[in-house]
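What TrEMBL annotates here:
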- 7-26: transmembrane segment (TRANSMEM)
- 46-65: transmembrane segment (TRANSMEM)
- 77-95: transmembrane segment (TRANSMEM)
- 101-125: transmembrane segment (TRANSMEM)
- 137-160: transmembrane segment (TRANSMEM)
- 172-190: transmembrane segment (TRANSMEM)
- 246-266: transmembrane segment (TRANSMEM)
- 316-337: transmembrane segment (TRANSMEM)
Amino acid sequence: MSPEGKRLLNIVVLGFGFMFMFTAFQTCGNIEQTVIKSFNNTEFHGSGYTSMAIIYGVFSASNLIAPSVVTVIGPQLSMFLSGLLYSGYIAMFIYPYTWSFYTASVLVGIGAAVLWTAQGNVLAINSTDNTIGRNSGIFWALLQFSLFFGNLYIYCAWHGHVHITDKDRQTVFISLTVISLVGCFLFFLIRKPDPEPAAPSEQSQSLLQAESSESVSTDSSPGVGLCSQALDAFVKACKMFGTKEMLLLSLSIAYTGLELTFYSGVYGTCIGAMTRFGQDAKRGGVFGMLDKCNQFGRNPSIMAALAFFYSNYLLLHWQLLILVLMGFLGCVTFFLAEWKA
C-alpha cells in the first residue's frame, strides 16, 4: 500500500473507532436522565445533569495536562485507555450506584480530554496541507453517523415503552458497552504513517510502537526525559492559548460548549418527558447527516448551520435566545480569527 493510501486508511479506521464509541456514549448521554427517572432504587440519588456537569468540568480542566499524557504514552494507547473509561461509564448503568456514577463521571472527563487530544494528533500526522480538509471531513462524517445509529437503536428498542424497566435498561446498556469496546479495539488497527515506501516489516509496525521508539531515541539525548517532554507539551499548550487567534476563538468555543450542554444533556430528556408524544416520547430522536458541499467555501456552511440551530432554539423556548446571541457573537469572532490568520 502506498504511503498516502496508508494514511487514508488510518483516517477511516480512526473515524470508525470514534463512530462506534460515540454511538454508545452519545446515546447514553441522551437517555441517561430519562433512565434515571425510571430507575426504582431508593439508594440511588444520582442526576444525569450533575453527571454531565462533572464530565465537562473535568474535561475542561484536564485539557491542560492531556498533551503531556499523549506525549508520554503516545496517541494510540491514549485513545485506547480513554475509550476504556468511556466504556466503563456506560457499563456502570447496568447496575448503577451513586458513588460509581459520579466516580465514572470524573474519569470520563479526564479520558475525554486525552481522547480528543490524541485524535487531533493522529489526524495531523496522517494529513498534509493538501489532505487535511478531506481527512477532517471523512472523520467527522463517520463520527456524526454515531448520532444516526445510536438514536435509531433506541427508537427501535424502546418502541411503545412508557416506563423503562430494569430489563430494558440492562439490555440497552450491555449492548452499548459492547459497541463502545469494539471502537476501542479498532484503534489498534491504526498503523505508523511513513512518508516513503518502507520495508514490509516497518509497514506492520503499529503507531504505538513507533511512538515508543521515538521516545527511546529522544531519551538518549542528555538531560531530556519523559518528564521534560510532558512539561514542554504543557508549556506549549499554555502559550498557544495566549495567541490572538485562540483568544478570538474563545467566545466561539464557549458557545459550542453551551450548545453541546443543551444538546447532549437537556434536549433528549425534554423529548423523553413530553406527554404530548405519548408512547413515542421514549423512542428518542432520529438524526441524519447531509453531504457537505465545498463549492461556496466553509463560511456559508457555518452560517447555514447556525441558522438551523437558531431556529431550533427559538421554537423550543424564547429563553434560549441567549444561545442565539452567543452563537452570533461566536460567529463574528470566528470570522475575525480567520481573517487575522
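In case you wondered, yes, glycine gets a Cβ from its N, Cα and C as well.
Residues 17, 21, 24-25, 28, 32, 35, 69-70, 101, 104-105, 107-108, 110-112, 114-115, 117-119, 122, 169-170, 173-174, 176-177, 180-181, 183-185, 187-188, 208, 211 of the same chain lie 6 or more positions beyond the ends of the transmembrane segment (77-95) yet place their CB under 8 Å from a CB of it. Here the transmembrane segment (172-190) lies next to the transmembrane segment (7-26) in space: the count of CB pairs under 8 Å, restricted to residues six or more apart, reaches at least 3. Here the transmembrane segment (137-160) sits against the transmembrane segment (7-26); at least 3 CB pairs are under 8 Å, leaving out pairs fewer than 6 apart in sequence. Away from its own ends, the transmembrane segment (46-65) comes close to residues 29, 32-33, 35-36, 96, 98, 101-102, 105-106, 108-110, 112-114, 117, 234, 237-238, 257, 260-261, 264-266, 269 of its chain (Cβ-Cβ under 8 Å, at least six residues beyond either end). Residues 1, 79, 83, 86-87, 89-90, 119, 122-123, 126-127, 131, 135, 138-143, 145-147, 149-150, 153, 176-177, 179-180, 182-184, 186-187, 189-191, 193, 207, 264 of the same chain lie 6 or more positions beyond the ends of the transmembrane segment (7-26) yet place their CB under 8 Å from a CB of it.
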